[in-house]
Every structure is written in C-alpha cells, then in structure tokens.
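Enquirer: What follows is a single structure, and I will ask about it in a moment.
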C-alpha cells in the first residue's frame, strides 16, 4: 500500500474516532441525569459527571502529547488511550453507585493528542481544511447519536448479573463500539511519515526503521514533489546530523515560557478557552431555557439538537472551503464578530423575552443559529493557527496543552452557567465581555497571527520600505 493510500485511510479512521466521541456524548447526555437520580445522587453530581470527563482530558493531554513527540508514533498511543474509553464505558454500564458513575466519566476522558499527529502529517496550506473535516465528524456523531437512543431506550433485559435498560445500555453500547474500533485501528491505521515545512520547502521525515520496513512511494513524480535534493557537502551533512539529533530528542533546548508565553500563542490559547467556555455554558443554559419558555420535552430538545448538528456540520465544511481562499486569521476574525453579534442578540432578546410565543421562539432560534454559525469559524482557525505558530517537533505536547486549556474551559463553563440560569444578564454579560476581550486581543496581535515565515516576510518587506 502506498503512503498516500495509508495516509488517506489513517485520516478516515481518525474521523471515525471523532465520530464515536460525538456519538458517545449524544447517547449518554440525555439519560445521565435520570441515571444519577436513580442512584440517589444529589443535583450537583450532574455537573461533576460532565466535568470529570474534561478534567481527565486536562490532566492527560500533555502527557500523551510528550509520549507522541518522543516516539513519533500515535497508533500505539491511540490504542492505549482507547482502553480507557472501553473501561470507562463499562464502568458506566455497571453503575452500582453514583461514585462509580462519576469515576466512569473520569476514566473515559483520558485521550491521545491526535491533532499533534495531524499537524505533522499535513501541509500548512491544507491543514485548516483537514481540521474542519475532522471536527465535522464529531458533529456528525452528535447528529447520529440520538438515532441510537431510539433502540437503546427499549432495552430491558439482563446480561448475566448486570441489568441492561435505557440508562445502562449506552455504556455497554459504547464499550462495544470502542472495542470494535480497536480492531479497525489495528488493521487500517498507519504511522505515516511526517511532513514538515522548512524554509518553504516540504521535507518528508521518516524514521530509519520505517525506511527499512516500508517501501517509499514508487512514482518518480511523487519523489520529485516530496523530497528536496541535497548537495552532500560538509555543511549540509552537519545540518542533517543536527536535524536527526533534534528529531530523536524533540525537547532539547525546549522552553515552556518561550513556546507558550509568546503573544500569538497566548491569544490563541485564550481563544480556545473562551470558545469552549461559552459553548459549554450555552449548552448548559439551553435545556432549562427551552423548558421554561417553550415547554420543550425530550422530543423537542432532540429535534433542536439534530437541527443544530446539521447547521454545525454545514458550517465546518463551509469553513473548510473558505480556509483555502483566505488566511486563518481572517476566518478567526469573522468568527469572533459572529459570536459577539450572537451574544448581543441573546442579551437583548432572550434575557427578558417580549411579545408572544411566536416572537419569543423566533428570537431564540436566531440567537442559537448565530451562536452555532460562529463556532466552526473560531474552532477551526484557532486550532490551525496554533499548529503553525508552535514548533512542529513538539506538536504533540503543544496540542496537549491546548487540549488542557479546553478541558479547563469545559469544566468552568457548565459550573458558571449552571448557577445562573435564572440570571441571564450576568451569565451572557460575562460571555460577551470575554468575547470583546479576545476580539481586542486578536486585533492588536493580528499581524503576528500567521506562520512565522509569513510574519518574517512581512517584517522584511516593511523594513525594505
């Protein structure tokens, strides 16, 4: 199998991993509250259960990232991290107590840093489009998940000593899906050679053992496109030796402060935090809001989430197309404007609804539509930009840090919104303040939100004038 085919198949499997994570969220979220009530859990356990998953991601993201950077492989890491998903979902299925249920979400949250692998395996100009497609796969899972609930809620039997009902069945169902995925990964996932960009020239880096075991791509045309020619003089030989040493030890001369306290990196990590904080806060707010004003039940909420999923998927694929036409920072700026507009709309029309039922429902639909419209713009652009302004050799760790920041946001977002569902002015006002802050930061750092070589070229052009 040629490297191009391996790469395509690997990306498809990564999309499947993201889709399963979306399905898991969609099949567990609708029933976890009632499940906790049956286990006599107090109301705050719902927030703890949802936050436990994010806490695990916050703690394990950088660790898996370091492992990925040092080994330059991800297949074994994904197989290992999926064992936590299998164990966590089986614990959720058993569900003898509220504490076991809480631990099940904590265990299931441990995951690998896949975006680090995607960064090493893609060209800068195609990265945003691939990230958008991968993120859309998770949204597809969120859309498909409710369909599985149609038959999971009918379960009512025993499996040995375990009871299988509409509350426990999502656990065993996801356990089986993640187990099946393990075999798919074993059969079709490849640690494809990394593609890096140095001085505008594309270089394909391959570990020595991979060169011995796997044939290179056979086409002369592909070789001419992929590999750069080297003049074997003394300077080139020493440079190659130095690069090989850096590859074997990616953290040599690495400084956390130099890497993450740069202006553009701080802006993008802040964008990551604010995006997920606002998103999870809104997700927490929506269900009580629809119940209070529109008397939505399970069917109404399921239909609403399905329509939201369709919009977000379309949004991701639109951003995939748009990212090939304009720079990532333009996409980010557009997304922040849309999100700010949506937050202002919600402050004006949702905090104190006016008019009749039809007007209130229309105002709610417009607010949700605008919030979801801006999400793909910000999510894709900040991940793509982050991968370009941080070092390629430590992408696993860097993406793990980004994932930890996101995990912190998804812990704090529901906690913030959960206590303020009756004080929407305060809740939405804080969200708008955060959006204004990151928008100002983006404007002030706009010139630096680009690949380092692009920034250098712009600075050289300015000095030339």
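Heads up, the Cβ atoms here are built off N, Cα and C, so glycines get one too.
When I checked TrEMBL for this same protein, it listed these features:
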DOMAIN    10-447  domain 'Major facilitator superfamily (MFS) profile'
TRANSMEM  12-32  transmembrane segment
TRANSMEM  44-64  transmembrane segment
TRANSMEM  76-93  transmembrane segment
TRANSMEM  99-118  transmembrane segment
TRANSMEM  130-151  transmembrane segment
TRANSMEM  171-190  transmembrane segment
TRANSMEM  302-323  transmembrane segment
TRANSMEM  330-350  transmembrane segment
TRANSMEM  362-380  transmembrane segment
TRANSMEM  424-446  transmembrane segment
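Have a look at these and tell me how they're positioned relative to everything else.
Expert: Long-range contacts of the transmembrane segment (12-32) within its own chain (CB-CB distance under 8 A, at least 6 residues past either end) are made by residues 46, 49-50, 78, 85, 89, 92, 101, 108, 114, 117-118, 133-135, 137-146, 148-149, 152-153, 166-167, 170-171, 173-174, 177-178, 181, 184-185, 188-189, 298, 302, 305.
If you look at the transmembrane segment (76-93), the same-chain residues 6 or more away from its ends with a CB under 8 A from one of its CBs are 17, 24, 28, 56, 60, 64, 67-68, 100-101, 103-114, 162, 164, 168-172, 174-175, 178-179, 181-182, 185-186, 189.
Taking Cβ pairs closer than 8 Å, the transmembrane segment (130-151) reaches residues 11, 14-16, 18-27, 30-31, 114-115, 118, 122, 170, 173, 302, 305-306, 309-310, 312-313, 316-317, 319-320, 323, 376, 379-380, 383-384 in its own chain, all 6 or more past its ends.
Within its own chain, the transmembrane segment (424-446) is flanked in space by residues 263-264, 266-267, 270-271, 274, 277-278, 281-282, 285, 329, 332-333, 336-337, 339-340, 343-344, 346-347, 350-351, 416-417, which lie at least six positions past its ends and keep a Cβ under 8 Å from the stretch.
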Enquirer: Does the transmembrane segment (362-380) make contact with the transmembrane segment (99-118) through 3 or more Cβ pairs under 8 Å, each pair 6 or more apart in sequence?
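Expert: No, the transmembrane segment (362-380) does not contact the transmembrane segment (99-118).
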Enquirer: Report, as numbers and ranges, every residue of the chain located at least six residues beyond the transmembrane segment (330-350) whose Cβ falls under 8 Å of a Cβ in that stretch; write 'none' if there are none.
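Expert: The answer is 128, 271, 275, 278, 289, 319, 322-323, 363-364, 366-367, 370-371, 373-382, 385, 424-425, 428-429, 431-432, 435-436, 438-439, 442-443, 446, 449.
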